[in-house]
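Going by Swiss-Prot, these are the annotated features:
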BINDING   Arg58, Lys256, Gly281, Asn282, Thr313  substrate binding site
BINDING   Asp60, Ser62, Asp92, Thr93  K(+) binding site
BINDING   Asp60, Phe61, Ser62, Trp63  ATP binding site
SITE      Lys256  site 'Transition state stabilizer'
BINDING   Glu258, Asn282  Mg(2+) binding site
Amino acid sequence: MHSTNLLLEEPIRMASILEPSKPSFFPAMTKIVGTLGPKSRAVDTISSCLKAGMSVARFDFSWGDAEYHQETLENLKLAIKSTKKLCAVMLDTVGPELQVVNKSEAAISLEANGTVVLTPDQGQEASSELLPINFSGLAKALKPGATIFVGQYLFTGSETTSVWLEVSEVKGDDVVCVIKNSATLAGSLFTLHCSQIHIDLPTLSDEDKEVIRRWGAPNKIDFLSLSYTRHAEDVRQAREFLSKLGDLSQTQIFAKIENVEGLNHFDEILQEADGIILSRGNLGIDLPPEKVFLFQKSALHKCNMAGKPAVVTRVVDSMTDNLRPTRAEATDVANAVLDGSDAILLGAETLRGLYPVETISIVGKICAEAEKVFNQDLYFKRTVKYVGEPMTHLESIASSAVRAAIKVKASVIICFTSSGRAARLIAKYRPTMPVLSVVIPRLKTNQLRWSFTGAFEARQSLIVRGLFPMLADPRHPAESTSATNESVLKVALDHGKASGVIKSHDRVVVCQKVGDSSVVKIIELDD
């Protein structure tokens, strides 16, 4: 495995650790995905989340109906309008998730060393002795000694609302288990996770397809989080489905790696997907604890070299109920950044946590501090070596823009792009300064009406480390004259000045297309 020692080599003064950080318009280069739910769906709360640094809003359809999520989305739109901050939308599918069904919703108490039976007969009432499940093939997949985890959805792992079971025997379609710890299951649905077994259910279920068709398509979702991705074929099938739903042909698919099957096929999945979500909660059940860090470092390195965004989950579980993360969690967030994560995904912490805004703010601050000690020089050299020669034309321009920006100590890189690809390639080389991605819309027609592309591309950069999008005036085409491009550049520079990232006498690196040529130029601002 490649060495991932990406800390700065020169030691820092210990006293400097105590110095307060300088305020910045961009809280961190690393992006934050927030899951919206009961504790974070009010307009004021969402507005505060956006100001604190959330750039992607995740809608988890493992719970809540389409009507509930639509209300939340409408609130998000109002918050975006009031804060003037862009935010992308991610739809998270349920996938082949096993669930315990508790129709009565009465609390179920389970005592350690007792026994409980898992049955596919959903007509039965859930009790301390019997738990109905939504899958009839569990008995065929399990053997005595197998471990099963049952818990509240978006559990934190430290709660008494989750239980570990060990299979003692299989009786027909039923599975008899020994309870390993005392717990109380409250609610109507609980996630059931079995370690290292194949579940013969489709990755994109009929229910998922219906949600995407009825909710995702009208709302033009930016990202589809494909839960329990196990093979590249899962991504291909999802993409084929999206391609038939109009604008969703532009939706990016993020493969969620949640089990050993996905881990074993990681390389082929990465090749097919637009990005990867490392679902450490479920995967952490499948893997021995001492192997989790190894998977994280390897997976993030592969994503970085492929130039595809990687998202890490389950970082500050304790902030679901507490105002401050544990020391281990704070270190974990920083290490995720140093390992190469593009974004941090918050689940229970913002969905039902008591402090959604504070959580986003604290995670953003930790990310920003970690970014200061990231060894960009070592990372750049490693990435160039990995890509090899000859580079593609676009990759050569992107890497040159980053190297030039670092050499002249530019305050920002401005990249004109229509597809977003050039800006993402620049971000791949992890520049130490923000990349302002100026998305130039393209005009298209279906013979009945005109429309512009660009909004998807702008929002989809909100999950990429260091990329900050703005939409250019649609009257300026992508391959415009030098004079027109200069006017778009002036708008971009004014935006940078207004946001505080560009000041007088700063140097700025500009990456643009003039005619058929790609140009990297360095400009110095006067007063």
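Don't overthink the numbers, they just go from 1 along the chain as shown.
Using the three backbone atoms N, Cα and C, a Cβ is placed for every residue, glycine included.
Here the features listed in Swiss-Prot are placed on the structure.
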residue: Arg58; record: substrate binding site; Cβ neighbours (10 Å): 24
residue: Asp60; record: K(+) binding site; Cβ neighbours (10 Å): 21
residue: Phe61; record: ATP binding site; Cβ neighbours (10 Å): 22
residue: Trp63; record: ATP binding site; Cβ neighbours (10 Å): 18
residue: Asp92; record: K(+) binding site; Cβ neighbours (10 Å): 23
residue: Thr93; record: K(+) binding site; Cβ neighbours (10 Å): 26
residue: Lys256; record: substrate binding site; Cβ neighbours (10 Å): 28
residue: Gly281; record: substrate binding site; Cβ neighbours (10 Å): 21
residue: Asn282; record: substrate binding site; Cβ neighbours (10 Å): 22
residue: Thr313; record: substrate binding site; Cβ neighbours (10 Å): 22
Glu258 (Mg(2+) binding site) in three-state DSSP notation: coil
Lowest local Cβ density (other Cβ within 10 Å) among binding-site residues: Ser62, Glu258: Ser62
Spatial separation of Glu258 (Mg(2+) binding site) from Gly281 (substrate binding site) - C-alpha basis, Å: 8
Cβ within 8 Å of the mean position of the Cβ atoms of Asp60, Ser62, Asp92, Thr93: remaining residues of the chain near K(+): Arg58, Phe59, Phe61, Leu91, Val94, Gly95, Ser225, Ser227
Asn282 (substrate binding site) in three-state DSSP notation: helix
Check: same-chain CB within 8 A of substrate site center, minus Arg58, Lys256, Gly281, Asn282, Thr313: Asp92, Ser225, Ser227, Glu258, Ile277, Leu278, Ser279, Arg280, Arg314, Leu345, Gly347
Conformational class of Ser62 (K(+) binding site) under the three-state DSSP mapping: coil
Shortest C-alpha distance to Phe61 (ATP binding site) - which of the binding-site residues Asp92, Lys256, Glu258, Asn282, Thr313: Asp92
Alpha-carbon distance [Thr313 (substrate binding site); Trp63 (ATP binding site)] in Å: 18
Max CA-CA distance, Å, over listed substrate-binding residues Arg58, Lys256, Gly281, Asn282, Thr313: 18
C-alpha spacing of Asn282 (substrate binding site) relative to Glu258 (Mg(2+) binding site), in angstrom: 5
